[in-house]
Ligand code: SR1
Ligand code: MG
């Protein structure tokens, strides 16, 4: 790529990121740029580059060859940057209002240059600070109805779907999820990370054979079902929002999997707010209701109007499918609640509770709710059963 000076990968610095932005003609020659590295996730470098004079700004995201959250001892493929850029391109076509614009991407340098969303707030941070994001549940319901329907066997022609499945084979990132969400939290694994006060609760999980059987069934679904192209890591840290707008970022874990996985991650990450702040229960229940109602209505509309498969194209099949998605979502939400509490990668909603007694109580609630969802997921019939 002529626009990039080096031919081998190297991590960007603030000054090389600014130089790259000029070479990519993102800003006029001679612009005085301000650059800051703002990445606060587990895996990547994120540079915000702005030109005061024109007021323009962009984001350059670069994958590191290891997991930043652990360090260089955990190597990680750079191919995830290409998966992410490709996924953003697919999702942008399907749900344009909810996906940022990508201006440039490069496989060797593992970079994606995209729209700066600094006018929005990371949903997790905003929710913790008491912000409302009134349209977020509706927007994410609509986003998922579109992305999950139009990438499935019911929204694509058979050959197109199989081609996309091949394009999004993502073994390294899937392995992270397989280990950190499905396997490690259910054993005394070295990756687990929890406060000593939770040891007895963790041991209870590890001894619960019924829980582990149901978690194994959910893992089987994750490993084997190619229902739709998933975001793969759709927690509230992957959503930017304000009162009017919602954007879904960071689909580096994208792959073909069970639709309920994305749905369940959204549900679990909304529930962390209720668990941390029991007084928010009504609000969280209402968010989850709106999210599910929007998803199921939009999905049903697309199914009825645009289904490409004549055999399954009837109301009874649709009802079967929506119930399956809901049951899967409940189970996957349970896995997310548990892994964010005793596994490697936590959430600020719970870790940020200053009072130790309250924090441990909240974490115990997350484990209990997670276990309940996993054990009962195959019997759930409606969103009210899930909200409880
Ligand atoms: C080593 S990566 C840990 C977690 O960060 C990502 O955002 C995913 O949620 C992953 O499970
Ligand atoms: Mg991420």
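Cβ atoms are placed via backbone N, Cα and C, with glycine included.
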Looking at TrEMBL, which one out of 42, 44, 97, 269 binds ATP in the same site as 61, 115, 116, 117, 250, 251, 252?
44
Near the Cβ of residue 339 (substrate binding site), how many other Cβ atoms are there if near means within 10 Å?
26
Sorted by position, what residues of the same chain at least six away from residue 250 (ATP binding site) have a C-beta under 8 A from it?
41, 84, 231, 233, 237, 238
Any idea what DSSP makes of residue 250 (ATP binding site), helix, strand or coil?
coil
Rounded to the nearest angstrom, how far is the Cα of residue 339 (substrate binding site) from the Cα of residue 117 (ATP binding site)?
29
If you average the pLDDT over the domain 'Aminoglycoside phosphotransferase' (35-269), what number do you get?
97
Restricting to the record's ATP-binding residues (44, 61, 115, 116, 117, 250, 251, 252), give me the longest CA-CA distance in Å as a whole number.
18
Local backbone state of residue 44 (ATP binding site), from DSSP in three classes:
strand
